[in-house]
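J.: Here it is, the structure in full.
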Amino acid sequence: MSSVLQGSSCAANNYQMVFSFANWFLNMLSYLGLYNKKAKLVFLGLDNAGKTTLLHMLKDGKLVQHQPTLHPTNEEIRMGKITFSAFDLGGHKEARRIWQDYYAKCDAVIYIVDAADHERMQESAEALRELLESEELAGVPFAILGNKIDRPDACSEPQFMQMINIHTTGKQTTKEELGTTRPIEVFMCSILRKTGYAEGFRWIGQYL
Ligand SMILES: Nc1nc2c(ncn2[C@@H]2O[C@H](COP(=O)(O)OP(=O)(O)O)[C@@H](O)[C@H]2O)c(=O)[nH]1
Ligand SMILES: [Mg+2]
């Protein structure tokens, strides 16, 4: 009797776990403005920008401290009908072809920059410009995240805008108003403090 009870309570627990897991995904997708959308989003940026941290944050809400990635990586998670994947840019020319094959099929790019790394800001801005000019990504919406603003040495939004030097299309501009123009906008954020990036996702979601 007790084992039957135990068995059913175990099943109930499993059900609860699966349910709350699915619930977490749905809540997160709603929060990001991506609920019921079908899309492939790619996180790009130099290594150490925060891509893997953001992937983990979306997946389970936890800030996972891990070793910064040393090699180009290809990480991917699926939530509902949304696929999020991350690639490190910079260096490694031979790996670029692999990214190109892959990111050519994406619906939106989340470009992450370490806004506290003044030394590599220019390198990141150049990698961004290269992406914006690539034929494969023509017309694909870009949300640029200026990450790590929790750090005292992070640059301010105006400083960041100056460094990145990209013409943005506006946070309120609708898809209809943009027409064939590619949507690009900048969002300062701290993945660590869970601030700023959701606005970026909600903004990009309206163009998907
Ligand atoms: N201070 C601060 N550190 C962050 C933030 N986001 C990520 N990091 C740290 O930056 C480092 C690189 O992050 P990671 O996600 O590995 O970068 P990736 O190479 O782009 O995947 C890690 O030590 C993270 O903990 C943030 O918002 N603030
Ligand atoms: Mg990584």
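Just so you know, glycine gets a Cβ as well, placed from its N, Cα and C.
According to TrEMBL, the GTP binding site annotation covers 45-53, Gly91, 147-150, 191-192. Taken from TrEMBL, the feature Mg(2+) binding site covers Asp47, Thr52, Thr69. Marked as transmembrane segment by TrEMBL: 15-34.
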J.: Would you identify which of the binding-site residues Thr52, Thr53, Asn147 has the most other C-beta atoms lying within 10 angstroms of its C-beta?
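T.: Sorting the candidates by Cβ neighbours within 10 Å, the top entry is Asn147.
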J.: Using CB under 6 Å from any atom of ligand 1, narrow the binding-site residues Asp47, Thr52, Thr53, Asn147, Ile149 to the ones that qualify.
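T.: The qualifying binding-site residues are Asp47, Thr52, Thr53, Asn147.
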J.: Rank the binding-site residues Lys51, Ile149, Ile191 by the number of other Cβ atoms within 10 Å of each Cβ, and give the residue at the low end.
T.: Ile149
J.: Taking a cut-off of under 6 Å between Cβ and any atom of ligand 2, tell me which of the binding-site residues Lys51, Thr52, Ile191 pass.
T.: Lys51, Thr52
J.: Let me know the DSSP-derived helix, strand or coil state of Asp47 (GTP binding site), please.
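T.: Where Asp47 (GTP binding site) sits, the three-state DSSP reduction gives coil.
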J.: Give the three-state DSSP assignment (helix, strand or coil) for Ile149 (GTP binding site).
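T.: In three-state terms, Ile149 (GTP binding site) counts as coil.
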